[in-house]
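Colleague: The structure is given below, and queries will be raised subsequently.
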Amino acid sequence: MDPLGPAKPQWPWRRCLAALLFQLLVAVCFFSYLRVSRDDATGSPRPGLMAVEPVTGAPNGSRCQDSTATPAHPTLLILLWTWPFTTPIALPRCSEMVPGVADCNITADSSVYPQADAVIVHHWDIMYNPGANLPPPTRPQGQRWIWFSLESPSYCRHLEALDGYFNLTMSYRSDSDIFTPYGWLEPWSGQPAHPPLNLSAKTELVAWAVSNWKPNSARVRYYQSLQAHLKVDVYGRSHKPLPQGTMMETLSRYKFYLAFENSVHPDYITEKLWRNALEAWAVPVVLGPSRSNYERFLPPDAFIHVDDFQSPKDLARYLQELDKDHARYLSYFRWRETLRPRSFSWALDFCKACWKLQQESRYQTVRSIAAWFT
């Protein structure tokens, strides 16, 4: 029998317990500090706690920051603040429109605003009174606002009122965060699926369909000089009637189409070329940005640019020459052997936004849309 009795306590385990209790106390104090340091009204971190402060809606023209916005839902919820031009459209599944894209929940129901991961704001629908027509200024944390316009800067009012509100841009400009052109060319996946051009169906020479007739505009002045040397059939208000549903049938009778833009801005190449001319198999005669700008999206022999001629009279002479020389005229269609034109749709544009939001969680602020969109 051991005369010394029970062994004495081992003190090292008490020191370990004290160390663990101290670390636990430090952790509790740290997280309590973070909790009370948050803004009770918005849930947004106060300045100084994070390197980046997410935008809460108040304009800040001097800030452009990055952070990580974690979607609040497994499927992204995208709110259309208004339907484009107040006209509802069908919204198919994005996975069916864009290969490899997961579906987003896209809706125009404004009641989901507090839960939306992103809000798309169509400029035309809010531009006359941005202060009253924009979404609520205090947004949910991490929610991204997307500025969307297919109109040119000449027809976008009050851009300066939007400084600091938006996180992404979406437009026909190729340097937009979300590029949504009016049209594009893509390669045929197999043999071209269209019949050869039937020249015998091209019974007329030059057409122009115009709805926004401004006598002092550059395009109307050029037309007036051109028609002094060449017959041009003009359709639209105060001109030849063009009943709804007959546009392509009518324009397809013409060899050339005046794809004259209503204003001149970088990348502003609209349905006047992609739909009115190319879908009608008419050679587009373009007035808009520079030839080099057009050639970023089209082969150089797919169109005729007014800048290639010293005067409208010279252009008229050239079109008359092509009218008589079938081989030269048909050379403007060679690109169709390998490429086909495609046109935009609202649904496809919204699915491009869906894809962008899935691919990039970076949170930024657009300092000035007015300074960029020129």
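Cβ coordinates are placed from backbone N, Cα and C, and glycine is handled just like the others.
Okay, these came from Swiss-Prot:
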TOPO_DOM  1-15  topological domain 'Cytoplasmic'
TRANSMEM  16-34  transmembrane segment
TOPO_DOM  35-374  topological domain 'Lumenal'
CARBOHYD  ASN60  N-linked glycosylation site
CARBOHYD  ASN105  N-linked glycosylation site
CARBOHYD  ASN167  N-linked glycosylation site
CARBOHYD  ASN198  N-linked glycosylation site
Colleague: Should ASN198 (N-linked glycosylation site) be counted as helix, strand, or coil on the basis of DSSP?
Modeller: coil
Colleague: Calculate the per-residue pLDDT averaged over the topological domain 'Lumenal' (35-374) and state the result as an integer.
Modeller: 88
Colleague: Using all protein chains in view, find how many other C-beta atoms are within 10 Å of the C-beta of ASN105 (N-linked glycosylation site).
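Modeller: Total other Cβ atoms inside 10 Å, all chains included: 17.
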Colleague: Looking only at Cβ atoms, how many others are within 10 Å of the one on ASN167 (N-linked glycosylation site)?
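Modeller: Summing over all protein chains shown, ASN167 (N-linked glycosylation site) has 21 other Cβ atoms within 10 Å.
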Colleague: Per DSSP, ASN167 (N-linked glycosylation site) is which: helix, strand or coil?
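Modeller: It is coil.
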Colleague: Looking only at C-alpha atoms, tell me how far ASN105 (N-linked glycosylation site) is from ASN167 (N-linked glycosylation site), rounded to the nearest Å.
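Modeller: The Cα atom of ASN105 (N-linked glycosylation site) is 20 Å away from the Cα atom of ASN167 (N-linked glycosylation site).
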Colleague: Would you count the other C-beta atoms found within 10 angstroms of the C-beta of ASN198 (N-linked glycosylation site) for me?
Modeller: 9
Colleague: Report, in whole Å, the straight Cα-to-Cα distance of ASN167 (N-linked glycosylation site) from ASN198 (N-linked glycosylation site).
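Modeller: With distance taken Cα to Cα, ASN167 (N-linked glycosylation site) is 49 Å from ASN198 (N-linked glycosylation site).
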